[in-house]
Amino acid sequence: MGQGLSIQKCDFMIPENNKSHHTEEISTKRLIVRRGQPFTITVSFSVPIHNFLKQMKRTFLVVQTGPHSSKADEIQAEFPISSLGDQKQWSAAVEEQDPNFWTLCVNTPANAPIGQYTLLFRASKSPQLLGSFTLLFNPWCQDDEVFLANEAQRQEYILNQEGIIYQGTENAILAQPWEFSQFEEDMLDICFILLALGEHFQREKDPAQRKNPVHVCRAVAAMVNCNEFRSLTEYEPGQHDNGTPPSTWLGSSPILQQWIASKFQPVRYGRCWVFAAVLCSVLRCLGIPTRVVTGFTWAHNTKCSLSVDEYYDEDGTLLTQDKSAHVWTFHVWNECWMARSDLLPKYSGWQALDATCQEKSTGLSFCGPAPVHAIKEGDTQVDYDVCYFFAAINAKCHVWIHKADDTLKPAYGGTKYTGNNISTKSVGSERCEDITQNYKYPEGSLQEKKVLDKAFRNMKELKTTSSSTEFIFIPTALEEPLNLFIHFQSSSSLQLGQDITLSIEVFNNSDREKATHLVAGIQALHYNGVPIAQLWKEEFHFNLHSNSVNNLRVSVPYTWFGKELGENHLLRLTAVLRDEDSSYMYLAQEEISLCDSPLTIEFPENMVQYEPSTAKISLQNPLMEPLEQCVIAVAGRGLIYRQRNYR
């Protein structure tokens, strides 16, 4: 610094600054601040500064993202130290001074790129290093694009490290606890590595883009499951070797820690809920309000078509057709809160972001962020990927019977509607909140018809100008004869080990007697609509008098179907009815979920902090046979180190 004046030390006042910036849970040893909010440092000089008044009249702070600020992929800003700082841009003001130190208030712009910065002090040609700090998005700052006005929501969608992910069926929603652990040791550095690799994959080289939450969301989503550097490998049925089944993960930290430890080898294995949970952890860590959302009866890989087909044989067995397009029992994605400066103001707010790969004309890719408002209003031309989300929750699934002579006949009564019971964890509690109304108008309403018509017009116009998106619209369902009708009655959720009791009601609404043939069956399937095995079927022949109902009661023992359950324990019940006179075929279907027996955890009445304690975990075997090769996975933030498996 010349003539003997040098900096003796710099105090970043980490405890005070991190607490003020809501980052004290991330670290107590390094400075982590949020943009658009000032932080305070003290600079101590080696000698009294009144001997260097001329030099001290022109002093500067320098921030940069790397050691070589001249490089194109690094950011540098230099700003004078004055008596009055500017809160809208990089600035510094002297708050307090005495002969040997200054207390400085440093302001960061609310649109500064997030990242890891070094801070330097310059009063001559040779700046001196003060230290380094990390800058994050700031939902507490009104000028930040991720500003969230509600404090309870900020606590939930930024600071809450625990959550719930919903699975099961639309009539029996199951809660899966999850440890997001976004503030655990090393998580912040891992998140920035993930972001940097995502930018590399997206071929984004401008570091200034990190000021934009849309850019950050897309770069991170690309890294979860959709490129060669991805952090997770998607699980396929039968894959158990050298990997962890998706259902046994309890939190995000073990996955990301394993990814780093393996030098960026994809972790085996994940499914949609694992992808969404990891993405939620990363984005919350970086400061973007994020939540996990589950939708039931989801049309996946429709390529923006509003029609999906399912095929059954004459016995009601779901057939494996095109592997790309399926109606999933449930699907899990994310919502991120932000202003969309690239779009009209009405599209700001929650944005849908899906890290699970979908097939696009450009290949496999993630989807979003798509404004939830645009999805609801059918504004399918809006960026990004609104049409994919719109089709997934508005497509109608038509059912066809594949006859023995290779012809197809429509199965009346089997039409399914997608996008049901869209759910997320409520703020501040473990209650399940239904947010379907955010995504779509009520089925059959006038508003829904208007939105479908608008979406069709938008996509038809897009198709004439671009061949990149295929869009098929079927405005009306097949006209269904009303002579016969099937109604299922069964429990939508059973405990593992319970028998299934079915009630099948067959109605004849005609004025003629009907000769009918009914086949009832149970099939195990994966949550993504891929069948596993036919577990049971039974045929019935009966005549049905005019304007009458026949009630069939069937009990299926657990021993008949329990051996071939899939990972999510989902069963599809089907009944196919053939009118022998007209050859019309009718189908009813319902999905049920088998719940695992609950684990109970007991802690001692008195526990002492930092002293070992013993917890008792117990499970009651509901089956009439012993459980073998059991593994209990245990995680507890602040209680045990990472996830442990006990055999």
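Backbone N, Cα and C atoms are what each Cβ position is placed from, and that goes for glycine too.
TrEMBL lists Cys272 (among others) with the feature active site.
Note: His331 (active site) has non-local neighbours Cys272, Thr294, Gly295, Trp298, His300, Thr356, Ala392, i.e. same-chain residues 6+ apart with C-beta under 8 A of its own C-beta. The active site annotation in TrEMBL covers His331 (among others).
Feature annotation from TrEMBL assigns active site to Asp354 (among others). Just so you know, the Cβ of Asp354 (active site) picks up 30 other Cβ atoms within 10 Å once every protein chain is counted.
Sorting each residue of the domain 'Transglutaminase-like' (264-357) by its DSSP state yields 18 helix, 45 strand, 31 coil. The domain 'Transglutaminase-like' annotation in TrEMBL covers 264-357.
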